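Structure record follows, encoded as structure tokens.
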Amino acid sequence: MSGRSLLMILLVVVIGVVLKHLFYPWGSLSPPTLPLNQWWGDEEEPEDWQAYLDNSSEVINNRLMYEESVINDLKEQLNRPLHLTEPMKGANFEYGFNAEALKSIIKYWRDDYLPRWREREIFLWQFNHFTTDIQGLRLHFFHLMAYDDQTVGKHHYPVLLLHGWPGSVREFFDLIHKLHQTEPNKENKYIFNVIAPSLPGYAWSQGTSRPGLGPAQIAVMMRNLMLRLGYKKFFIQGGDWGSIIGSHMATLFPENVLGYHSNFCILSTPKSIFKGFLANFFPRLFAPRGFEDFFFPISHKLGYILEETGYMHLQATRPDTIGTALLGNPVGLAAYILEKFSVWTNASYRHYPDGGLTERFKLDDLLDNIMIYYLTDSITTAQRLYKEYFSKEQMTLFLDYVPTYVPTGCVRFKNDLIHFLDFQLEEKYRNLIHSTYYREGGHFAAFEVPDSLYNDFISFVQKFERLTKMKEYKGDL
């Protein structure tokens, strides 16, 4: 058989696979059944699950404090001479974290931030820290409850906030204050019970030594956490991993999720990608007027994504290797994480000498997040989530292909990594009741633009309420 014939056969096979994915009735798929009590602990799974639940259901209030010796060791490391390669002539952040900018940040960390560490530690205590055992792992979370006298005359709901990488619950502090406003305020009609967990393997939440804990399994754990706290129905807000986990929760447990709101709505199925490619030729037909530049031209957007996802390939294949390089290495850890807070906030910041880090953030706030990763030794366990996400076992759940009928809201901030059109998302999210656009803001919306994110979430909840009242009027509930 000639090479030309083999090429034609290969082309036919590829076209067949593409057509199958485009026209196969994926929307008829039902959610997969996942075990609700899968064991992730290091020790052997208990034979008597009821006894385990009885003994592990306690929620413990914690005050997190680190010994002076731990902080002194960090000071010693930051005091050591920095052996950094000089940046390229004329380069800022185009080659990665600029060495001169890093020297400046390390100096501030050592000489200004660390002497005030006990103040920052108290700042991190401002919310109640709790831990509880879920499926063999110790999970950490914030839990802020509104009392009866604080809810008078207000709309009162629970909301689960889900973070991503390389963030933490620290991103949510300003947003939590807005959601949980307990002071009398006639203009504020809403108050929320806020639950903000550290994902398994992140910060003070225990990681697993057992392979297989991906976003779908974490979705189960988050639902179990909410049930343990007494919440049978709740809203979800999330970005980055929080977006994917929140989407899975809405798909797997629609009976528990009142509404799902995300600042990173993505859908990477072949059909969605094909729709995006098609829309590129007719942007005015598919993109909202005035917001075409959020999506097009695709060639520019794809170039940006390819440049910014090198970390993802590394963490999805060899998370422990890069984890070893960063664990116990405060300078390397700061460079690796803070670079994301530069270019994922605004791509143009790569052309700034300091990466534009203080354009949208306070350096203390960014260092709080670095300290959480450093003090909890969680960089490796956090990055393993990428390996699990791209595993065959996770992919064959086909959760992106299963329709979600929970009321869904998508907010897009202009400078985020990527955006998907409603035209693409509607195949998955069959009840997309809220779709908005903001020209200010990037990937870390809760950290960078908490006012905009809060107002958008409230707008979504209001639409949910109007939809609910309409159904009640029609007798659908």
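Including glycine, each Cβ sits where the backbone N, Cα and C put it.
All protein chains included, ASP240 (active site, nucleophile) registers 24 other Cβ atoms within 10 Å of its own Cβ. Annotated active site, nucleophile per TrEMBL: ASP240, in sequence order.
The active site, proton donor annotation in TrEMBL covers TYR386. Taking all protein chains in view, 20 other C-beta atoms sit within 10 angstroms of the C-beta of TYR386 (active site, proton donor).
According to TrEMBL, the active site, proton acceptor annotation covers HIS443.
TrEMBL lists 65-172 with the feature domain 'Epoxide hydrolase N-terminal'.
Per TrEMBL, the feature transmembrane segment maps to 7-27.
If you take the C-beta of HIS443 (active site, proton acceptor) and look for same-chain residues 6 or more apart in sequence within under 8 angstroms, you find GLY239, ASP240, PHE264, LYS340, TRP344, THR345, PHE413, ASN415, ASP416, LEU417. Residues of the domain 'Epoxide hydrolase N-terminal' (65-172) grouped by DSSP class, helix first, strand second and coil last, total 45 helix, 22 strand, 41 coil.
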